[in-house]
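Copied over from TrEMBL, here are the features:
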REGION    22-96  region 'Disordered'
COMPBIAS  22-50  compositional bias 'Basic and acidic residues'
COMPBIAS  58-70  compositional bias 'Basic and acidic residues'
REPEAT    142-176  repeat 'WD'
REPEAT    186-217  repeat 'WD'
REPEAT    230-271  repeat 'WD'
REPEAT    286-311  repeat 'WD'
REPEAT    327-368  repeat 'WD'
REPEAT    437-478  repeat 'WD'
REGION    478-502  region 'Disordered'
Amino acid sequence: RRKKKALAKVAAVDALLAEVHSPERKAQIEREQRRAEEEAAEKAAAEKKATLQANSDSAKEIYRKKQAERRAKKAAKAAAPAPAPAPAPAPAVGSAAGSEVGSAVAAPAPRKQQKSVPDELAVFEPMQREPMVPPPGAAAAFEDHACELHGCSVDANGTCAVTGGEDGNAYVWDVSYPTCVPKQRLEAHSEVVAAVAITEDGRQVATAGRDNIVVLWVEEGRDYKNILTLKGHTSWVSSVVFSSGGHYLGTGSYDETARVWSCTSGKELAMFHDAEVSNDRGKPFVYDVAFSYDAKRLLVGGRDGVGRIWDCNIEDTFYVAKLLVTLETHASAVLSVAWSADGKRIATASKDRTCKVYSAKTGRILSVLQGHEGQVTSIKFYPADGRRMPDGRLAPPVSLATASRDATIRFWRVAPETRGLDPEEGSKWNATCGAILRGHVDRISGIAFDATGASLVSAGFDRKAIVWDVQQSIKLGTAEPPEPSLDDATVDAPTVAGVRGE
(Lines of atoms letter the chains of each structure in order from A and count residues from 1; the text may use other names and numbers.)
(Lines give C-alpha, C1' and ligand atoms only; values in the text may rest on other atoms or scores of the structure.)
Protein backbone atom coordinates (compact mmCIF):
# COMPACT_ATOMS: atom_id res chain seq x y z
CA ARG A 1 0.00 0.00 0.00
CA ARG A 2 2.80 2.41 0.87
CA LYS A 3 4.47 1.61 -2.44
CA LYS A 4 1.25 2.25 -4.34
CA LYS A 5 0.77 5.60 -2.56
CA ALA A 6 4.33 6.64 -3.40
CA LEU A 7 3.88 5.64 -7.02
CA ALA A 8 0.61 7.59 -7.14
CA LYS A 9 2.35 10.72 -5.80
CA VAL A 10 5.14 10.34 -8.35
CA ALA A 11 2.58 9.96 -11.13
CA ALA A 12 0.72 13.08 -9.94
CA VAL A 13 3.96 15.09 -9.90
CA ASP A 14 4.86 13.81 -13.37
CA ALA A 15 1.43 14.78 -14.65
CA LEU A 16 1.75 18.27 -13.14
CA LEU A 17 5.20 18.73 -14.67
CA ALA A 18 3.94 17.50 -18.02
CA GLU A 19 1.11 20.03 -17.87
CA VAL A 20 3.46 22.88 -16.93
CA HIS A 21 5.90 22.04 -19.71
CA SER A 22 3.31 21.28 -22.34
CA PRO A 23 3.26 23.51 -25.47
CA GLU A 24 -0.25 24.67 -24.63
CA ARG A 25 0.76 25.76 -21.11
CA LYS A 26 3.90 27.49 -22.40
CA ALA A 27 1.86 29.34 -25.01
CA GLN A 28 -0.62 30.39 -22.33
CA ILE A 29 2.17 31.69 -20.08
CA GLU A 30 3.70 33.62 -22.99
CA ARG A 31 0.32 35.15 -23.84
CA GLU A 32 -0.13 36.24 -20.24
CA GLN A 33 3.34 37.76 -20.18
CA ARG A 34 2.75 39.61 -23.45
CA ARG A 35 -0.59 40.85 -22.20
CA ALA A 36 1.04 42.14 -19.02
CA GLU A 37 3.79 43.87 -21.01
CA GLU A 38 1.27 45.44 -23.38
CA GLU A 39 -0.82 46.69 -20.46
CA ALA A 40 2.28 48.16 -18.83
CA ALA A 41 3.30 49.80 -22.11
CA GLU A 42 -0.20 51.21 -22.65
CA LYS A 43 -0.22 52.57 -19.12
CA ALA A 44 3.17 54.20 -19.58
CA ALA A 45 2.09 55.64 -22.94
CA ALA A 46 -1.10 57.02 -21.40
CA GLU A 47 0.89 58.65 -18.60
CA LYS A 48 3.33 60.19 -21.10
CA LYS A 49 0.47 61.43 -23.26
CA ALA A 50 -1.22 62.97 -20.24
CA THR A 51 2.03 64.71 -19.30
CA LEU A 52 2.48 66.02 -22.85
CA GLN A 53 -1.12 67.22 -22.93
CA ALA A 54 -0.68 69.00 -19.61
CA ASN A 55 2.48 70.70 -20.86
CA SER A 56 0.76 71.63 -24.11
CA ASP A 57 -2.26 73.07 -22.26
CA SER A 58 0.08 75.10 -20.06
CA ALA A 59 1.96 76.42 -23.08
CA LYS A 60 -1.30 77.29 -24.83
CA GLU A 61 -2.46 79.22 -21.75
CA ILE A 62 0.81 81.18 -21.74
CA TYR A 63 0.33 81.86 -25.45
CA ARG A 64 -3.22 83.16 -24.90
CA LYS A 65 -2.05 85.46 -22.09
CA LYS A 66 0.73 86.91 -24.24
CA GLN A 67 -1.67 87.45 -27.13
CA ALA A 68 -4.08 89.23 -24.78
CA GLU A 69 -1.25 91.43 -23.48
CA ARG A 70 -0.23 92.32 -27.02
CA ARG A 71 -3.79 93.20 -28.00
CA ALA A 72 -4.08 95.39 -24.89
CA LYS A 73 -0.84 97.20 -25.74
CA LYS A 74 -1.97 97.76 -29.33
CA ALA A 75 -5.31 99.11 -28.12
CA ALA A 76 -3.54 101.46 -25.68
CA LYS A 77 -1.24 102.75 -28.42
CA ALA A 78 -4.18 103.26 -30.76
CA ALA A 79 -6.06 105.22 -28.09
CA ALA A 80 -3.07 107.46 -27.27
CA PRO A 81 -3.09 110.87 -29.02
CA ALA A 82 -0.67 111.15 -31.94
CA PRO A 83 2.26 113.56 -31.42
CA ALA A 84 2.47 116.73 -33.44
CA PRO A 85 4.31 116.28 -36.74
CA ALA A 86 7.91 117.44 -36.73
CA PRO A 87 9.69 119.07 -39.65
CA ALA A 88 11.48 116.62 -41.90
CA PRO A 89 15.24 116.35 -41.37
CA ALA A 90 17.61 117.34 -44.15
CA PRO A 91 18.43 114.48 -46.52
CA ALA A 92 21.65 112.63 -45.80
CA VAL A 93 24.53 112.79 -48.24
CA GLY A 94 24.11 110.07 -50.85
CA SER A 95 20.46 109.54 -49.99
CA ALA A 96 18.41 107.96 -52.77
CA ALA A 97 15.40 110.02 -51.79
CA GLY A 98 17.06 113.34 -52.81
CA SER A 99 14.99 116.49 -52.70
CA GLU A 100 11.77 114.55 -52.22
CA VAL A 101 12.82 113.70 -48.67
CA GLY A 102 13.54 117.33 -47.91
CA SER A 103 10.05 118.40 -48.88
CA ALA A 104 8.25 115.55 -47.15
CA VAL A 105 6.77 115.61 -43.68
CA ALA A 106 8.09 112.96 -41.31
CA ALA A 107 5.62 110.34 -40.12
CA PRO A 108 4.84 109.95 -36.40
CA ALA A 109 7.65 107.99 -34.75
CA PRO A 110 6.29 106.20 -31.68
CA ARG A 111 5.73 102.95 -33.59
CA LYS A 112 8.55 101.25 -35.46
CA GLN A 113 7.82 100.43 -39.08
CA GLN A 114 8.81 96.95 -40.20
CA LYS A 115 10.86 97.03 -43.39
CA SER A 116 10.65 94.31 -45.95
CA VAL A 117 13.10 91.44 -45.95
CA PRO A 118 13.37 90.34 -49.57
CA ASP A 119 14.81 86.89 -48.93
CA GLU A 120 12.25 85.67 -46.40
CA LEU A 121 8.81 84.72 -47.71
CA ALA A 122 7.02 83.81 -44.49
CA VAL A 123 7.43 82.60 -40.95
CA PHE A 124 4.82 80.09 -39.88
CA GLU A 125 3.94 78.41 -36.62
CA PRO A 126 1.31 75.75 -35.73
CA MET A 127 -0.33 77.74 -32.92
CA GLN A 128 -1.18 80.66 -35.23
CA ARG A 129 -4.81 80.03 -36.13
CA GLU A 130 -5.15 82.97 -38.56
CA PRO A 131 -1.69 83.40 -40.12
CA MET A 132 -0.93 86.71 -41.77
CA VAL A 133 -0.46 86.89 -45.54
CA PRO A 134 2.71 88.94 -46.08
CA PRO A 135 2.96 91.38 -48.97
CA PRO A 136 5.51 90.56 -51.69
CA GLY A 137 9.00 90.48 -50.24
CA ALA A 138 7.90 91.00 -46.62
CA ALA A 139 8.38 88.75 -43.60
CA ALA A 140 5.57 87.84 -41.21
CA ALA A 141 6.63 86.54 -37.79
CA PHE A 142 4.15 84.31 -35.95
CA GLU A 143 5.74 83.96 -32.53
CA ASP A 144 5.06 82.15 -29.24
CA HIS A 145 4.44 78.72 -30.72
CA ALA A 146 3.70 76.18 -28.00
CA CYS A 147 6.58 73.82 -28.85
CA GLU A 148 9.99 73.51 -30.47
CA LEU A 149 10.19 72.27 -34.07
CA HIS A 150 12.23 69.19 -34.95
CA GLY A 151 13.07 69.00 -38.65
CA CYS A 152 11.17 69.88 -41.80
CA SER A 153 10.53 68.58 -45.31
CA VAL A 154 9.03 70.11 -48.46
CA ASP A 155 7.55 68.62 -51.63
CA ALA A 156 9.02 69.06 -55.11
CA ASN A 157 6.78 72.01 -56.01
CA GLY A 158 7.55 73.89 -52.81
CA THR A 159 3.86 74.23 -51.98
CA CYS A 160 3.49 71.76 -49.10
CA ALA A 161 5.77 71.52 -46.06
CA VAL A 162 5.82 69.30 -42.97
CA THR A 163 7.36 70.04 -39.57
CA GLY A 164 7.79 67.88 -36.47
CA GLY A 165 6.89 69.13 -33.00
CA GLU A 166 8.08 68.72 -29.43
CA ASP A 167 4.41 68.20 -28.50
CA GLY A 168 4.27 64.83 -30.28
CA ASN A 169 2.45 66.14 -33.36
CA ALA A 170 3.49 66.87 -36.93
CA TYR A 171 2.12 69.83 -38.88
CA VAL A 172 1.32 70.07 -42.60
CA TRP A 173 1.46 73.52 -44.21
CA ASP A 174 0.38 75.16 -47.43
CA VAL A 175 3.43 77.31 -48.20
CA SER A 176 2.54 78.38 -51.74
CA TYR A 177 3.66 82.01 -51.72
CA PRO A 178 2.29 84.42 -50.60
CA THR A 179 0.03 82.28 -48.40
CA CYS A 180 1.33 80.23 -45.49
CA VAL A 181 -1.49 78.48 -43.68
CA PRO A 182 -1.77 75.27 -41.64
CA LYS A 183 -3.52 72.40 -43.41
CA GLN A 184 -3.55 69.60 -40.84
CA ARG A 185 -2.15 68.43 -37.54
CA LEU A 186 -1.00 64.78 -37.62
CA GLU A 187 -1.53 63.05 -34.27
CA ALA A 188 -0.13 59.55 -33.84
CA HIS A 189 2.87 59.72 -31.50
CA SER A 190 3.08 59.69 -27.71
CA GLU A 191 6.52 61.32 -27.71
CA VAL A 192 8.44 64.02 -29.58
CA VAL A 193 8.25 63.83 -33.39
CA ALA A 194 11.99 63.84 -34.09
CA ALA A 195 11.95 63.64 -37.91
CA VAL A 196 9.55 64.09 -40.82
CA ALA A 197 9.60 63.46 -44.58
CA ILE A 198 7.31 64.09 -47.54
CA THR A 199 7.45 62.55 -51.01
CA GLU A 200 8.21 64.59 -54.11
CA ASP A 201 4.55 64.56 -55.20
CA GLY A 202 3.34 65.43 -51.69
CA ARG A 203 1.08 62.37 -51.53
CA GLN A 204 2.85 60.60 -48.64
CA VAL A 205 4.19 61.83 -45.31
CA ALA A 206 6.28 59.92 -42.78
CA THR A 207 6.71 60.89 -39.13
CA ALA A 208 9.28 59.36 -36.76
CA GLY A 209 9.18 59.72 -33.00
CA ARG A 210 10.91 59.07 -29.74
CA ASP A 211 8.22 56.46 -29.07
CA ASN A 212 10.25 54.11 -31.35
CA ILE A 213 7.71 54.02 -34.18
CA VAL A 214 7.35 55.44 -37.68
CA VAL A 215 3.92 56.39 -39.02
CA LEU A 216 3.13 56.55 -42.74
CA TRP A 217 0.39 58.92 -43.90
CA VAL A 218 -1.27 59.07 -47.34
CA GLU A 219 -3.23 61.98 -48.77
CA GLU A 220 -6.92 61.20 -49.21
CA GLY A 221 -8.92 64.18 -50.40
CA ARG A 222 -7.81 67.19 -48.40
CA ASP A 223 -6.42 65.29 -45.41
CA TYR A 224 -3.66 62.79 -44.69
CA LYS A 225 -4.72 59.42 -43.28
CA ASN A 226 -2.65 57.13 -41.08
CA ILE A 227 -2.32 53.90 -43.08
CA LEU A 228 0.74 52.15 -41.60
CA THR A 229 2.65 52.08 -38.34
CA LEU A 230 6.15 50.67 -38.73
CA LYS A 231 7.44 48.88 -35.64
CA GLY A 232 10.86 47.32 -35.29
CA HIS A 233 13.18 49.91 -33.81
CA THR A 234 13.85 49.45 -30.11
CA SER A 235 14.84 53.06 -29.35
CA TRP A 236 14.24 56.60 -30.58
CA VAL A 237 13.82 56.95 -34.33
CA SER A 238 16.01 59.93 -35.17
CA SER A 239 15.67 60.21 -38.96
CA VAL A 240 13.34 59.28 -41.80
CA VAL A 241 13.66 59.72 -45.58
CA PHE A 242 11.76 58.64 -48.70
CA SER A 243 13.51 57.24 -51.74
CA SER A 244 12.96 58.98 -55.06
CA GLY A 245 9.51 57.91 -56.23
CA GLY A 246 8.32 57.14 -52.70
CA HIS A 247 8.61 53.34 -52.94
CA TYR A 248 10.97 52.87 -49.99
CA LEU A 249 11.44 54.50 -46.61
CA GLY A 250 14.78 54.74 -44.80
CA THR A 251 15.04 55.22 -41.03
CA GLY A 252 17.81 55.64 -38.48
CA SER A 253 17.59 55.04 -34.75
CA TYR A 254 19.35 55.20 -31.41
CA ASP A 255 19.15 51.39 -31.41
CA GLU A 256 22.30 51.59 -33.61
CA THR A 257 20.51 50.42 -36.76
CA ALA A 258 19.38 51.87 -40.07
CA ARG A 259 16.47 50.16 -41.81
CA VAL A 260 14.71 50.18 -45.16
CA TRP A 261 10.94 49.61 -45.37
CA SER A 262 8.37 49.07 -48.10
CA CYS A 263 5.94 51.99 -48.31
CA THR A 264 3.30 49.65 -49.73
CA SER A 265 3.28 46.80 -47.24
CA GLY A 266 5.17 48.31 -44.30
CA LYS A 267 7.50 45.31 -44.35
CA GLU A 268 11.10 45.71 -43.20
CA LEU A 269 13.29 44.96 -46.23
CA ALA A 270 16.81 45.49 -44.89
CA MET A 271 18.64 46.35 -41.68
CA PHE A 272 22.16 47.74 -41.31
CA HIS A 273 23.82 47.47 -37.91
CA ASP A 274 26.71 49.86 -37.38
CA ALA A 275 27.64 48.06 -34.16
CA GLU A 276 29.07 45.30 -36.35
CA VAL A 277 31.75 47.80 -37.42
CA SER A 278 34.48 48.11 -34.80
CA ASN A 279 34.93 51.57 -33.23
CA ASP A 280 36.09 53.02 -29.95
CA ARG A 281 33.65 55.94 -29.62
CA GLY A 282 30.82 54.30 -27.73
CA LYS A 283 27.52 53.11 -29.10
CA PRO A 284 27.13 54.18 -32.75
CA PHE A 285 23.67 55.75 -32.55
CA VAL A 286 22.36 56.54 -36.04
CA TYR A 287 21.51 60.24 -36.37
CA ASP A 288 20.69 60.57 -40.08
CA VAL A 289 20.23 58.55 -43.29
CA ALA A 290 19.97 59.47 -46.99
CA PHE A 291 19.19 57.49 -50.14
CA SER A 292 21.09 57.81 -53.39
CA TYR A 293 18.84 58.96 -56.23
CA ASP A 294 18.47 55.40 -57.58
CA ALA A 295 17.74 54.07 -54.05
CA LYS A 296 20.48 51.44 -54.41
CA ARG A 297 22.72 52.90 -51.71
CA LEU A 298 22.05 54.28 -48.24
CA LEU A 299 24.31 56.81 -46.52
CA VAL A 300 24.35 56.56 -42.72
CA GLY A 301 25.85 58.98 -40.19
CA GLY A 302 26.03 58.54 -36.44
CA ARG A 303 27.52 59.17 -33.06
CA ASP A 304 30.92 57.61 -33.82
CA GLY A 305 31.71 60.37 -36.34
CA VAL A 306 31.87 57.97 -39.29
CA GLY A 307 29.81 58.05 -42.47
CA ARG A 308 29.07 54.71 -44.14
CA ILE A 309 27.55 53.79 -47.48
CA TRP A 310 25.57 50.53 -47.47
CA ASP A 311 24.35 48.50 -50.42
CA CYS A 312 20.53 48.51 -50.38
CA ASN A 313 19.79 47.25 -53.90
CA ILE A 314 16.84 45.28 -52.57
CA GLU A 315 15.49 44.43 -56.03
CA ASP A 316 18.57 42.30 -56.70
CA THR A 317 17.60 38.61 -56.56
CA PHE A 318 20.76 37.71 -54.63
CA TYR A 319 20.78 40.81 -52.44
CA VAL A 320 22.92 40.69 -49.30
CA ALA A 321 23.42 43.78 -47.11
CA LYS A 322 27.05 44.86 -47.23
CA LEU A 323 29.18 47.88 -46.42
CA LEU A 324 30.46 49.58 -49.60
CA VAL A 325 32.42 52.65 -48.44
CA THR A 326 33.60 54.00 -45.10
CA LEU A 327 34.22 57.75 -45.04
CA GLU A 328 37.02 59.49 -43.20
CA THR A 329 35.91 60.36 -39.70
CA HIS A 330 34.89 63.61 -38.05
CA ALA A 331 36.19 64.57 -34.62
CA SER A 332 32.65 64.21 -33.26
CA ALA A 333 29.23 62.81 -34.18
CA VAL A 334 27.79 63.10 -37.70
CA LEU A 335 24.40 64.81 -37.31
CA SER A 336 23.32 65.11 -40.96
CA VAL A 337 24.15 63.48 -44.31
CA ALA A 338 23.20 64.22 -47.93
CA TRP A 339 23.58 62.95 -51.52
CA SER A 340 24.03 65.19 -54.54
CA ALA A 341 21.40 64.89 -57.27
CA ASP A 342 23.82 63.20 -59.68
CA GLY A 343 24.88 60.66 -57.04
CA LYS A 344 28.59 61.48 -57.45
CA ARG A 345 29.13 63.37 -54.21
CA ILE A 346 28.00 63.11 -50.62
CA ALA A 347 28.26 65.42 -47.64
CA THR A 348 28.30 65.12 -43.86
CA ALA A 349 27.70 67.69 -41.10
CA SER A 350 29.07 67.22 -37.61
CA LYS A 351 29.06 68.31 -34.01
CA ASP A 352 32.67 69.39 -34.55
CA ARG A 353 31.28 72.45 -36.44
CA THR A 354 32.59 71.29 -39.81
CA CYS A 355 31.10 69.76 -42.95
CA LYS A 356 32.86 67.52 -45.44
CA VAL A 357 32.21 66.81 -49.11
CA TYR A 358 33.32 63.41 -50.44
CA SER A 359 33.50 61.39 -53.61
CA ALA A 360 30.66 58.88 -53.34
CA LYS A 361 32.69 56.35 -55.33
CA THR A 362 35.93 56.35 -53.34
CA GLY A 363 35.03 58.07 -50.08
CA ARG A 364 37.88 60.56 -50.58
CA ILE A 365 37.45 64.02 -49.03
CA LEU A 366 37.02 66.72 -51.67
CA SER A 367 36.57 69.71 -49.37
CA VAL A 368 36.07 70.73 -45.74
CA LEU A 369 33.58 73.52 -44.94
CA GLN A 370 34.35 75.61 -41.86
CA GLY A 371 32.64 78.74 -40.59
CA HIS A 372 29.75 77.88 -38.27
CA GLU A 373 30.14 78.80 -34.61
CA GLY A 374 28.00 75.90 -33.40
CA GLN A 375 27.23 72.27 -34.19
CA VAL A 376 26.09 71.84 -37.79
CA THR A 377 22.68 70.19 -37.57
CA SER A 378 21.58 69.93 -41.21
CA ILE A 379 23.17 69.88 -44.68
CA LYS A 380 21.54 69.79 -48.12
CA PHE A 381 22.86 69.91 -51.69
CA TYR A 382 21.42 72.62 -53.93
CA PRO A 383 19.16 70.58 -56.26
CA ALA A 384 19.96 72.59 -59.42
CA ASP A 385 23.71 71.81 -59.44
CA GLY A 386 25.09 71.64 -62.95
CA ARG A 387 21.81 72.81 -64.48
CA ARG A 388 20.58 76.20 -65.62
CA MET A 389 18.88 78.16 -62.87
CA PRO A 390 15.75 80.32 -63.37
CA ASP A 391 17.83 83.49 -63.80
CA GLY A 392 19.71 81.91 -66.73
CA ARG A 393 23.03 81.24 -64.98
CA LEU A 394 24.52 77.79 -64.61
CA ALA A 395 24.67 76.48 -61.05
CA PRO A 396 28.20 75.95 -59.69
CA PRO A 397 29.64 72.41 -59.77
CA VAL A 398 28.61 71.81 -56.14
CA SER A 399 26.50 74.11 -53.98
CA LEU A 400 25.26 73.35 -50.49
CA ALA A 401 23.27 74.87 -47.64
CA THR A 402 24.09 74.18 -44.00
CA ALA A 403 22.23 75.02 -40.79
CA SER A 404 23.62 75.18 -37.28
CA ARG A 405 23.01 75.60 -33.60
CA ASP A 406 24.39 79.12 -34.06
CA ALA A 407 20.96 79.95 -35.62
CA THR A 408 22.37 80.71 -39.08
CA ILE A 409 22.09 79.16 -42.54
CA ARG A 410 25.15 79.34 -44.79
CA PHE A 411 25.44 78.76 -48.52
CA TRP A 412 28.60 77.28 -50.02
CA ARG A 413 30.04 76.66 -53.46
CA VAL A 414 32.67 73.97 -53.96
CA ALA A 415 34.68 73.45 -57.16
CA PRO A 416 37.98 71.81 -58.21
CA GLU A 417 41.08 73.99 -58.00
CA THR A 418 41.92 73.09 -61.62
CA ARG A 419 39.27 72.99 -64.32
CA GLY A 420 38.94 69.87 -66.41
CA LEU A 421 40.12 67.43 -63.75
CA ASP A 422 38.08 64.33 -63.07
CA PRO A 423 36.40 64.90 -59.65
CA GLU A 424 37.47 61.40 -58.65
CA GLU A 425 41.13 62.00 -59.56
CA GLY A 426 41.55 65.77 -59.12
CA SER A 427 43.24 67.62 -56.30
CA LYS A 428 41.60 69.36 -53.37
CA TRP A 429 38.43 71.35 -54.06
CA ASN A 430 37.99 74.99 -53.03
CA ALA A 431 35.06 75.90 -50.76
CA THR A 432 33.67 79.44 -50.55
CA CYS A 433 30.97 80.66 -48.18
CA GLY A 434 28.34 82.88 -49.77
CA ALA A 435 25.19 84.26 -48.16
CA ILE A 436 24.54 83.90 -44.44
CA LEU A 437 20.85 83.95 -43.45
CA ARG A 438 19.81 85.13 -40.01
CA GLY A 439 16.14 84.71 -39.21
CA HIS A 440 16.08 82.30 -36.28
CA VAL A 441 16.98 83.16 -32.70
CA ASP A 442 17.69 79.61 -31.52
CA ARG A 443 19.21 76.46 -32.98
CA ILE A 444 17.99 75.35 -36.40
CA SER A 445 16.89 71.71 -36.45
CA GLY A 446 16.47 71.17 -40.19
CA ILE A 447 16.41 72.67 -43.69
CA ALA A 448 14.89 71.45 -46.98
CA PHE A 449 14.94 72.65 -50.61
CA ASP A 450 12.16 72.22 -53.12
CA ALA A 451 13.04 70.35 -56.33
CA THR A 452 14.04 73.49 -58.26
CA GLY A 453 16.01 75.14 -55.49
CA ALA A 454 13.79 78.23 -55.69
CA SER A 455 12.79 78.08 -52.03
CA LEU A 456 14.24 76.75 -48.80
CA VAL A 457 12.35 75.87 -45.61
CA SER A 458 14.04 75.97 -42.20
CA ALA A 459 12.69 74.89 -38.79
CA GLY A 460 14.10 75.75 -35.39
CA PHE A 461 13.90 75.47 -31.65
CA ASP A 462 12.65 79.08 -31.56
CA ARG A 463 9.21 77.63 -32.38
CA LYS A 464 9.02 78.86 -35.93
CA ALA A 465 9.75 77.79 -39.49
CA ILE A 466 10.79 80.11 -42.29
CA VAL A 467 10.39 79.96 -46.06
CA TRP A 468 13.30 81.62 -47.85
CA ASP A 469 13.33 82.89 -51.44
CA VAL A 470 16.61 81.44 -52.70
CA GLN A 471 16.60 82.74 -56.28
CA GLN A 472 16.02 86.41 -55.49
CA SER A 473 18.23 86.75 -52.46
CA ILE A 474 20.92 84.11 -52.44
CA LYS A 475 22.93 84.37 -55.64
CA LEU A 476 25.27 81.51 -54.88
CA GLY A 477 28.76 82.94 -54.59
CA THR A 478 27.84 86.65 -54.34
CA ALA A 479 25.41 88.60 -52.23
CA GLU A 480 24.64 92.23 -51.60
CA PRO A 481 23.81 93.44 -48.09
CA PRO A 482 20.08 94.21 -47.87
CA GLU A 483 18.56 97.14 -46.04
CA PRO A 484 18.65 96.58 -42.26
CA SER A 485 15.43 95.21 -40.79
CA LEU A 486 13.83 96.36 -37.57
CA ASP A 487 12.61 92.91 -36.57
CA ASP A 488 14.50 89.73 -35.70
CA ALA A 489 14.11 88.24 -39.19
CA THR A 490 17.11 89.66 -40.99
CA VAL A 491 19.59 88.55 -43.60
CA ASP A 492 23.32 88.93 -43.26
CA ALA A 493 24.82 88.44 -46.71
CA PRO A 494 28.27 90.03 -46.96
CA THR A 495 29.96 90.40 -50.33
CA VAL A 496 32.32 87.50 -50.91
CA ALA A 497 35.78 88.47 -52.13
CA GLY A 498 37.79 86.32 -54.49
CA VAL A 499 34.88 84.60 -56.22
CA ARG A 500 35.70 84.21 -59.89
CA GLY A 501 33.14 84.45 -62.66
CA GLU A 502 30.50 86.30 -60.63
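Each Cβ is built from the backbone N, Cα and C atoms, and glycine gets one as well.
By the count of Cβ pairs under 8 Å, the stretch nearest in packing to the repeat 'WD' (327-368) among 142-176, 230-271, 286-311, 437-478 is 286-311. Contact between the repeat 'WD' (230-271) and the repeat 'WD' (286-311) holds: at least three of their C-beta pairs are under 8 Å, each pair 6 or more apart in sequence.
Within its own chain, the repeat 'WD' (286-311) has Cβ neighbours under 8 Å at 238-239, 241-245, 247-248, 250-254, 256-258, 260, 272, 274, 277, 279, 319-327, 329-339, 341-343, 346, 348, 350, 352, 358, 360, 363, counting only residues six or more beyond its boundaries. Taking the repeat 'WD' (286-311) as a whole, pLDDT averages 93 in the prediction. Here the repeat 'WD' (186-217) has, by DSSP, the following mix of helix, strand and coil residues: 0 helix, 19 strand, 13 coil.
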